[in-house]
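For reference, the structure discussed in these notes is given below.
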Amino acid sequence: MLDIQLIRHNLAQTKQKLALRSKGLETLLDHIFELDFKKRSLQSEIEKYRALRNKQSKEIGLKKIKGENVEGQFSELKKMGSRIEEMEKELIQFENQINTLLLSLPNIPHDSVPTGGPEANKVVKTWGEPRQANFPLKTHWELGRELGILDLERGAKLSGSGFSLFTGNGAKLQRALIQFMLTIHTEEHGYKELWPPYLVTEDCMRGTGHLPKFALDMYATDKDNLYLIPTGEVPLTNFHRDEILAESSLPLRYVAYTPCFRREAGSAGKDTRGLLRLHQFDKVELVQITKPENSYTALEEMVSHAENILRSLNLCYRVVLLASQDMGFGAAKCYDLEVWSPGIQSWLEVSSVSNMENFQSRRMNLRYKSSSGKNILCHTLNGSGTALPRLVAAILENYQKEDGRVLIPEKIRTYFKEEYL
């Protein structure tokens, strides 16, 4: 959530910066500005009435001591109290309106972010070479079916389209990759592992910016008003919601494996074949909570942590700096990591690493106490380290052999215990 001070004191500049993300926000910003002006005017009026009431209350007290008649003044005092109550209710309405509108605004892009849509995305790094083969390469769904490790038909029978079902060595590969990634992130990168709930409250979803903006993309339980998490970012970032952290404890680094659940309401026209776009998928998520001055160093660090996973698996990948209109709702700056999948001849996003600055912490009331005793909003960052379905797809397509077998990447054989699928 944006700071109301930006709109109150720098409206023109805020309009200019948010226009880089989306057109049509000027009217909304003007409306927030007007509501805030009315709210502050009402606050001033309430304060004047309170001061007058206090003054008259003291006068009545002195007159009563002297035995003077205060019936008329007491009646006026009661009317004034009723008027203050009415104005306070009106003030709450203004505050609720403003907060609701602020929740609908995206984050302001960092100055280093390219301007524009997906066409303005910038490839900042490429590692490895796309695989070349002297035989026709199969797609991951063909390999999965032929090896008997991926049953999309039965997944659909159980839950409908958009759900996968791994069997035998396919399930074993998933488990090996999860264990491998968690080991790397905890032992080499210094993250603390959490095993969080997969159902969270509305406050948690609002805290990370998934509500109210993406309500239609979420799976919700109506009776309990709980939401299935769309990403491990939600429980990990909300872990310290409504807390004041010690400055010495920062940065905090958390990692967790979780399944993720997304309705993908806006996926029409996108490639949904095989493992490319699912309603339920597995992911290892990274979150850091930092001081503001350290968050952009942490962002580059988190990108390198996700890269380490891909390099360890010897997968060709590229790092893409997303443009202002292609970033996630709450991101100030975001990198995507994409692996080359030769069977489908496409780059697949397996990680998205974002600096949210204080966009989430303002929503979550997440602060730290500085050495001067001041409570300061933390910066939060999140990233996939990495997502499983497309990583599995890339491994199957990159490591396939002409005889139909798939070589297991060397780094995960310790967990898989076999050389081939």
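Backbone N, Cα and C define each Cβ position, glycine as well.
Its own atom aside, the Cβ of T231 (L-serine binding site) has 21 Cβ atoms within 10 angstroms in the protein chains shown. According to Swiss-Prot, the feature L-serine binding site maps to T231, G232, E233, E285, S384.
According to DSSP, R262 (ATP binding site) is assigned to coil rather than to any helix or strand. For R262 (ATP binding site), applying a Cβ distance below 8 Å and a minimum sequence separation of six or more within one chain yields D217, M218, Y219, P230, L278, H279. The ATP binding site annotation in Swiss-Prot covers R262, R263, E264, E349, V350, S351, S352.
The record gives T231, G232, E233, E285, S384 for L-serine. Within 8 Å of the mean position of their Cβ atoms, the other Cβ atoms in that chain belong to V234, L236, A256, T258, C260, K283, V284, L286, V287, N382, G383.
The subset of binding-site residues (E264, V350, S351) lying with their Cα within 10 Å of the Cα of E285 (L-serine binding site) consists of S351, given in sequence order. Put simply, S351 (ATP binding site) is 5 Å from S384 (L-serine binding site) when counted between their Cα atoms. With respect to E264 (ATP binding site), the closest of these binding-site residues in Cα terms is T231, chosen from T231, G232, E233. Those residues noted as binding L-serine (T231, G232, E233, E285, S384) have their most widely separated CA atoms at a distance of 9 Å.
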